[in-house]
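The feature active site, cysteine persulfide intermediate is assigned by TrEMBL to A:Cys241. Look at TrEMBL and you will find A:Cys95, A:Cys98, A:His99, A:Cys133 tagged as heme c 1 binding site. Sequence annotations record features per position, and here TrEMBL assigns heme c 2 binding site to A:Cys196, A:Cys199, A:His200, A:Cys241. Positions annotated as substrate binding site by TrEMBL: A:Arg237. Look at TrEMBL and you will find A:80-166 tagged as domain 'Cytochrome c'. If you look up TrEMBL, you'll see A:1-20 marked as signal peptide.
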Amino acid sequence: MRQAWLGIVVGVAFAGAATADEFAKLVVNGEIEMVTRTQAPDHMEAIDEIRSGWTFRTGETQTLQMDDFDNPGMVFVEQAVEAWAVAEGGMGKSCADCHGDVADGMKGVRAVYPKWNETAGEVRTLEMQINDCRTTRMGADEWSYAGDPMTNMVALVSSVSRGMPVNVANDGPASETWALGKEIYYTRYGQLELSCANCHEENYDNYIRADHLSQGQINGFPTYRLKNAKLNSVHSRFKGCIRDTRAHTFSPGSPEFVALELYVATRGNGLSVEGPSVRN
Amino acid sequence: MAEGVRARVKAPATAAAGESVTIKTLISHPMESGQRKDGDGNPIPRAIINRFTCVFNGETVVDVMLEPAISTNPYFEFEATIPEAGDMVFTWYDDDGSVYEETKSIAIG
């Protein structure tokens with residue numbers, strides 16, 4: 001009898017945990033309130049309401065992101081906090097020497113990237129900007145685009161903008177790159193002939209086998225994934241997705257992925273910056 | 001000493017006498033299982049945290065033996081009853097002989 005009771009209790013607890021709580025409110029550390037559902041930006045025709053990937057995850061995974069101590073991604077952010085103060089390269093400078101305290105110097109930066117850089121005449125992602133800083137201002141070597149030091153640093157920069165609305169510009173000089181990104185988003189790739197839109201626009205909230213499809217928003221990147229126990233960059237995720245269509249993928253940092261990141265980022269305008277988020 | 005090891009503890013600064021409080025601990029550690037091989041096919045030696053203890057005013061709260069199958073960055077969360085003010089001492093024992101210690105003072109109030 002006792003055993004039967006135990007079985008019931010465990011069964012109920014499991015069912016509760018395995019269901020996504022779509023309408024839960026995301027508040028981090030009891031103070032940063034996040035927008036996880038909002039009206040879609042005007043340029044999106046097929047979707048009325050945009051939703052953070054957080055709303056598609058199970059209750060257990062959702063809870064991990066609600067406290068920095070529980071969020072495994074913060075371990076990697078702490079590594080970047082150390083790197084922030086380390087002087088590197090020929091000019092003997094650290095990030096902190098120019099930008100000061102990361103919470104002051106970098107607040108709001110994540111929310112507007114990728115962004116047009118007038119001097120360089122190109123759209124730049126945060127990673128490109130960090131590598132530009134490293135080579136021209138520090139005289140140091142570039143970091144690998146989707147390597148751990150880079151992704152951890154992007155997560156640190158992102159963490160100080162958490163709760164701010166994503167506000168990436170798609171007009172003016174960035175419009176050409178944005179249009180390329182949009183074209184890539186709707187192009188079918190690989191042997192499976194799947195475009196981003198086939199899953200993340202036409203079929204979000206459905207399952208492909210065991211995977212609960214999200215809208216493919218990138219407001220939570222870099223993302224700590226339970227499957228590989230580290231932070232993952234946007235371009236690594238793009239690469240994984242295109243690989244899953246059985247295609248040759250573009251490389252992280254390639255002009256194609258930069259354009260795609262710009263386009264996908266603007267699809268999330270209005271959602272909160274969440275990085276580092278926790279996903280499965 | 002393994003690289004990048006850092007212990008973190010989240011415990012309340014104050015508690016009511018006899019109150020049960022939640023303690024969270026995390027240590028960043030690779031927890032190399034000893035089962036893996038490097039790029040050249042040579043086994044990577046085991047290097048894990050093998051024991052974790054929490055002691056409050058000399059009294060053991062938890063004493064845990066860890067095994068190689070435990071993932072990187074081991075996390076422990078448990079509850080402890082706080083009878084009086086005092087120091088909670090957390091200790092992690094590394095395979096390589098290193099001992100990492102962290103102390104949190106809890107006041108009654």
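Even glycines carry a Cβ here, placed using N, Cα and C.
Cα to Cα, A:Cys98 (heme c 1 binding site) and A:Cys196 (heme c 2 binding site) are separated by 39 Å. Each of the recorded positions A:Cys98, A:Cys241 was scored by the number of other CB atoms within 10 Å of its CB, and the largest score is that of A:Cys241. Pairwise Cα distances among A:Cys196, A:Cys199, A:His200, A:Cys241, the recorded heme c 2-binding residues, top out at 11 Å. The Cβ of A:His200 (heme c 2 binding site) lies under 8 Å from the Cβ of A:Leu213, A:Ser214, A:Gln215, A:Gly216, each of which sits 6+ residues away along the same chain. Compared over the binding-site residues A:His99, A:Arg237, the count of CB atoms lying within 10 A of a residue's CB peaks at A:Arg237. There are 23 other Cβ atoms within 10 Å of the Cβ belonging to A:Cys196 (heme c 2 binding site). Residue counts for the domain 'Cytochrome c' (A:80-166) under DSSP (helix as H, G, I; strand as E, B; rest coil) come to 42 helix, 9 strand, 36 coil. Take the mean position of the Cβ atoms of A:Cys95, A:Cys98, A:His99, A:Cys133, the recorded heme c 1 site; other residues of that chain with a Cβ within 8 Å of it are A:Lys93, A:Ser94, A:Ala96, A:Asp97, A:Gly105, A:Arg137, A:Met138.
With every protein chain in view, the residue among the binding-site residues A:Cys95, A:Cys133, A:Cys199 whose Cβ has the most Cβ partners within 10 Å turns out to be A:Cys95. Checking each of the recorded positions A:Cys196, A:Cys199, A:Arg237, A:Cys241 against A:His99 (heme c 1 binding site) by C-alpha distance, the shortest gap belongs to A:Arg237. The heme c 2 site, placed at the center of the C-beta atoms of A:Cys196, A:Cys199, A:His200, A:Cys241, has further neighbours from the same chain whose C-beta lies within 8 angstroms: A:Leu194, A:Ser195, A:Ala197, A:Asn198, A:Glu201, A:Leu213, A:Gly216. For the domain 'Cytochrome c' (A:80-166), the mean pLDDT of the prediction comes to 95. Here the candidates are the recorded positions A:Cys95, A:Cys133, A:Arg237, A:Cys241, and by Cα distance the one nearest A:Cys199 (heme c 2 binding site) turns out to be A:Cys241.
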